[in-house]
Amino acid sequence: MKKMSRNVLLQMEEEDDDDDGDIGDVPASRRPFLTPHTHLPSSLVLENLGQTIIPDLGSLESQNDFRTPEFEEFNGKSDSLFFNDGQRRIDFVLVYEDESRKETSKKGTNEKQRRKRQAYESNLICHGLQLEATRSVLDDKLVFVKVHAPWEVLCTYAEIMHIKLPLKPNDLKNRSSAFGTLNWFTKVLSVDESIIKPEQEFFTAPFEKNRMNDFYIVDRDAFFNPATRSRIVYFILSRVKYQLINNVSKFGINRLVNSGIYKAAFPLHDCKFRRQSEDPSCPNERYLLYREWAHPRSIYKKQPLDLIRKYYGEKIGIYFAWLGYYTQMLLLAAVVGVACFLYGYLNQDNCTWSKEVCHPDIGGKIIMCPQCDRLCPFWKLNITCESSKKLCIFDSFGTLVFAVFMGVWVTLFLEFWKRRQAELEYEWDTVELQQEEQARPEYEARCTHVVINEITQEEERIPFTAWGKCIRITLCASAVFFWILLIIASVIGIIVYRLSVFIVFSAKLPKNINGTDPIQKYLTPQTATSITASIISFIIIMILNTIYEKVAIMITNFELPRTQTDYENSLTMKMFLFQFVNYYSSCFYIAFFKGKFVGYPGDPVYWLGKYRNEECDPGGCLLELTTQLTIIMGGKAIWNNIQEVLLPWIMNLIGRFHRVSRSEKITPRWEQDYHLQPMGKLGLFYEYLEMIIQFGFVTLFVASFPLAPLLALVNNILEIRVDAWKLTTQFRRLVPEKAQDIGAWQPIMQGIAILAVVTNAMIIAFTSDMIPRLVYYWSFSVPPYGDHTSYTMEGYINNTLSIFKVVDFKNKSKGNPYSELGNHTTCRYRDFRYPPGHPQEYKHNIYYWHVIAAKLAFIIVMEHIIYSVKFFISYAIPDVSKRTKSKIQREKYLTQKLLHENHLKDMTKNMGVIAERMIEAVDNNLRPKLE
């Protein structure tokens, strides 16, 4: 290996022609970077991160300064996780294509890429990392650079990153379960502890090199687990420089991968997922995760969260913990939802108003007014018989009970999840996550403006001024607003489609109004319009979603958040706001706008002055809302599974097919992992987004579809195992990351929970016919408004359909070409208005105002009751249980005591040595005088 004692940066005066954008550029005089420091104290290393130390290092031709990795041949051990010496563990792998063997004519570009890579690898070596290169077994153009972090480097950066490490074993006893009699049942659902052994618990503290003796170091090789080692190495890889051009430095492995200088960078899986490693020292955690977590036969078992956290890091672990807890809580909601659905299904034969619609002497003799101009015919009410029967299932008293229950359920879920999250923070040692999150390299690259910190009164660097920040925020907000308007425009387009195609279906479908044609019986104009519009809406949603994902990332990159958490939170809000409008806009339209502003046959309301506003069925728009939810939820689940399962599987299958001719060769672990699919930077973000959108469907519109929690439950049970299978078998191992909670998704869920109370109350009040039926039953079925002697639902249909005189049609509707139903002087329409001939003809009658008052009263009462229960539950259930608080305080006390005692021992020992030396010195001084 060539020797060197300083950092290497390529200096170039000519234009840089690599296609890697501007991310990672910064003037050399203003950019902090890593310097060779493996033997420096951590405090000086941390200081170097914020200083500017760039020596004058010559030009491209100074290649003799490069320190290059050693090239070694593959030793034939396919399961090995170590360098060829069998001692140094592989913490990270970098993959590149050898430029000298590329089949391309761009020799100048290849030479520049090679020199950049050499400078980068040389600087990695200068920062204490050890590299070993091995050529690919299957493709000799590929080279794998294995990275190892020695003990000194790990200790240095563990202190910089404030990583908490073990002090001593935790001797706190866990309280026995209160459900001791059910241990046999929980044992069946739990992971077999003889297969996945429980992790030993420790008291921990942020690592400090000068107090290394206080930490529980039994074996240096095992003190930093593989996940922590990979996280430390990735921290270094992301900040080491490789080029200086016009006093601007470029840095970071992400930039090198994006520009094609490296093909990939990833930590290694520890073994194959189908069988255990031949290396006896390998823990085989990937194999255990596949067997006990990702395999279909483990679908009924609890997740091994501790092993997931250990292998993939806290960020992945907290996602699966949240998804598992959400799925458990859905079980209760699904049971209640199915009960309410069965209640409606079993009582549909007792639905009086549906019987009236289907009765040949009632619904069969009620002639309804045309629902569009010119082309639409008169039609008999009984053609909606089947839809009215289905509506009785969903529009029942059980729906009201379920809506109130879900308002309480969502609060219980959020509050108990906070408690569960607090328990995980304690168990996973992230209660006081003292790691000060480092700024993203992309942010640091733009820090060219100097300002005075108001708190410290010291200079600090920021990427842009206050005016520049305002401009960026304005541009980003405008872009987001433009895309939201684009969604609204697509919704309007769907509405226009519904209005125009309804005319066609009305003209084509109901030719013979006899009630016996099966097509006419089930495929009414309203149903055909609803189904086709829902399918088109879903297709548009998915197209806009695909486009906006890229746009949102571009906007967030332009906004330039400081830390990765800030970046993810900013992207989360943008994506959710867009997705909220994209997925829910059509549902909001059907629930709260369709059929609400239609006027009456003599004076209809027109869209854009051309399209007559569409009406609901005589039973309301609730069934159509249910259809819309079913299509979008089902279609979304199918589409996501295709994206998450089939695409990675097909890509890996194609890769294996191309390599089948060389399959007889033994390939090393790093080459096997390279041919897996890379997980995107925001892979976990999309998993959260998918579940939060589902959470919105389950809560916001559950009053129209009680089976939504059941569908979500089935989907989530499969989703957990699909995600587990995908991570363990199809994707490279992710870089482990720390996380204390689920981030911005928590307040988003709380906002959805508050909005859900309003939407469900309004769905029951304005979309369903529950309130008009209750008003009729208690007020208008008996005197003074009704003719019945007792409270009844008989006559409800006749009472809620107003009368219109055909001669009062405007010119657009006169001369209707359909005459199959004969000549009619009057027709009926869905509204509460006075009949023709009344002094206030076609004005809203007293029934209408009673219904409006009852609807408003219902919304106010329901909202206040549910909100009161929600706030009481939130107050009564603390975010952190008393047991967890006691554990946290006890551990903090014992940790501080342990550190203090160790510090006192060191001081006592040092003072004893000093005292002995002082006494010895005094004796030496007094002895000559006495003599």
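Going from the start of the chain as shown, residues are counted 1 onward.
Just so it is clear, glycine is given a Cβ too, placed from its N, Cα and C backbone atoms.
Residues or ranges marked as compositional bias 'Acidic residues' in TrEMBL: 12-23.
As annotated by TrEMBL, domain 'Anoctamin dimerisation' applies to 82-305.
The feature domain 'Anoctamin transmembrane' is assigned by TrEMBL to 308-891.
Annotation comment: TrEMBL describes 12-35 as region 'Disordered'.
Feature annotation from TrEMBL assigns transmembrane segment to 319-346 (among others). For the transmembrane segment (319-346), same-chain residues at least 6 beyond its ends with a Cβ under 8 Å from one of its own Cβ atoms are 302-303, 305, 308, 392-399, 401-402, 405-406, 409, 412-413, 416-417, 420-421, 424, 684, 687-688, 691, 695, 698, 702, 706-710, 712-713, 716-717, 719-720, 723-724, 742.
Look at TrEMBL and you will find 397-417 (among others) tagged as transmembrane segment.
Counting residues 6+ beyond its ends, the transmembrane segment (480-507) has Cβ neighbours under 8 Å at 370-372, 375-377, 525-526, 528-529, 532-533, 536-537, 540, 544, 548, 551-552, 555, 574, 577-578, 581-582, 585-586, 589, 607-608, 611-614 in the same chain. The transmembrane segment annotation in TrEMBL covers 480-507 (among others).
Through the fold, the transmembrane segment (527-548) approaches residues 387, 483, 486-487, 490-491, 494, 497-498, 501-502, 505, 509, 575, 578-579, 582-583, 586, 614, 624, 627-628, 631-632, 635-636, 639 of its own chain, all at least 6 residues removed from its boundaries and within a Cβ separation under 8 Å. If you look up TrEMBL, you'll see 527-548 (among others) marked as transmembrane segment.
Taken from TrEMBL, the feature transmembrane segment covers 575-593 (among others). Sequence-remote contacts of a segment are chain residues at least 6 beyond its ends whose Cβ falls under 8 Å from one of its Cβ atoms, and for the transmembrane segment (575-593) they are 480, 483-484, 487-488, 491, 494-495, 534, 537, 541, 544-545, 548-549, 552, 621, 624-625, 628-629, 632, 636, 685, 689, 692-693, 696-697, 700-701, 704, 748, 759, 762-763, 766-767.
Tertiary proximity for the transmembrane segment (691-714) is limited to same-chain residues at least six positions away from its ends with a CB under 8 Å from its CB atoms, namely 323, 326-327, 330-331, 333-334, 336-338, 340-341, 344, 394, 398-400, 402-403, 406, 410, 576, 579-580, 583-584, 587, 591, 622, 625-626, 629-630, 632-634, 636-637, 745, 748-749, 752-753, 755-756, 759-760, 763-764, 767-768. Sequence annotations record features per position, and here TrEMBL assigns transmembrane segment to 691-714 (among others).
For 748-768 (among others), the entry in TrEMBL reads transmembrane segment.
Residues or ranges marked as transmembrane segment by TrEMBL: 846-867 (among others).
Nonlocal intrachain contacts for the transmembrane segment (846-867), taken as residues 6+ away from its ends with a CB within less than 8 angstroms of a stretch CB, comprise 403-404, 407-408, 757-758, 761-762, 764-766, 771-772, 774-776, 779-780, 785, 799-800, 831-833. Looking just at the domain 'Anoctamin dimerisation' (82-305), the mean pLDDT is 83.
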